[in-house]
Amino acid sequence: MAGEKAEKPDTKEKKPEAKKADAGKKAKKVEKVKKVKKGKPHCSRNPVLVRGIGRYSRSAMYSRKALYKRKYSAAKSKVEKKKKVRVLATVTKPVGGDKNGGTRVVKLRKMPRYYPTEDVPRKLLSHGKKPFSKHVRKLRASITPGTILIILTGRHRGKRVVFLKQLGSGLLLVTGPLSLNRVPLRRTHQKFVIATSTKIDISGVKIPEHLTDTYFKKKKLRKPRHQEGEIFDTEREKYEITEQRKVDQKAVDSQILRRIKAVPQLQGYLRSVFALTNGIYPHKVVF
């Protein structure tokens with residue numbers, strides 16, 4: 001109305017204490033709205049005894065949950081499965097004669113008429129595996145022709161020998177020489193030798209070509225039988241060194257001994273036997 005005075009807007013600023021009181025009232029109203037009655041929180045029916053281990057087993061939980069009452073149905077696939085055509089193994093054929101029963105069941109796949117007298121072994125797939133004869137024979141970088149090696153096993157353990165060459169089987173051909181340390185021409189594995197830094201130049205030494213693995217292969221000695229000869233004649237055949245071995249030993253050693261004598265103190269070094277004494281540690285020894 002024209003006679004009434006218009007109300008003036010409240011331009012006075014509220015004090016900070018009043019603002020805090022208003023904010024507190026609003027927060028209480030929000031909390032009242034948020035508070036809703038809650039039920040029991042969801043938890044497993046199998047209480048945990050220790051981390052990862054429950055009180056009940058899987059079979060016990062199967063019965064506790066009554067999972068046996070559930071009906072499971074396999075999902076229907078949209079792709080139609082092709083039905084496999086069964087190949088018949090037999091065929092029923094009619095047979096004449098009153099007393100023959102009228103029919104016979106005959107196999108479609110006939111068995112072979114004749115069988116081999118001996119079983120022929122069938123070759124199996126090797127899956128890329130090579131036979132032992134075709135394995136790559138790697139030689140240690142420290143072992144070269146003329147290197148003096150220390151044998152660690154066998155009857156000649158501790159003795160120093162001269163390395164000649166590597167054979168086809170991967171074994172090392174070594175010699176003492178025989179006159180110095182009683183080690184003949186023989187084979188040894190590179191696992192069981194220590195390569196020293198001492199070397200001899202054997203570039204001019206001629207090693208016979210027939211010194212191969214078959215040359216050193218151990219021959220089987222004949223065992224006596226009671227049928228042959230007398231009953232009490234039970235002496236076994238003894239191993240004897242062949243003349244060929246003696247000739248080859250002299251031919252190789254004569255060439256190597258000349259080169260050994262040219263180096264001072266090398267003969268005594270090859271005669272000496274390697275051994276560890278107190279205070280000598282193998283990992284600190286320089287060979």
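Glycine is no exception: its Cβ is also placed from the backbone N, Cα and C atoms.
Residues annotated as compositional bias 'Basic and acidic residues' in Swiss-Prot: 1-25.
As annotated by Swiss-Prot, compositional bias 'Basic residues' applies to 26-43.
Swiss-Prot lists LYS5 with the feature SUMO2 cross-link.
Contacts of LYS93 (N6-succinyllysine) defined by a Cβ separation under 8 A and a same-chain sequence distance of 6+ are given as THR103, ARG104, VAL106, in order along the sequence. As annotated by Swiss-Prot, N6-succinyllysine applies to LYS93 (among others).
Marked as phosphoserine by Swiss-Prot on the basis of similarity to another entry: SER126. SER126 (phosphoserine) falls outside any helix or strand according to DSSP and counts as coil. The Cβ of SER126 (phosphoserine) has no same-chain neighbour under 8 Å that is 6 or more residues away in sequence.
The N6-succinyllysine annotation in Swiss-Prot covers LYS206 (among others) and rests on similarity to another entry. DSSP gives LYS206 (N6-succinyllysine) a coil state; it is part of no helix or strand. Residues within less than 8 Å, Cβ to Cβ, of LYS206 (N6-succinyllysine) and separated from it by at least 6 positions along the same chain comprise GLN255.
Under the DSSP three-state reduction, LYS238 (N6-acetyllysine) is assigned to coil, being neither helix nor strand. For LYS238, the entry in Swiss-Prot reads N6-acetyllysine.
For 1-44, the entry in Swiss-Prot reads region 'Disordered'.
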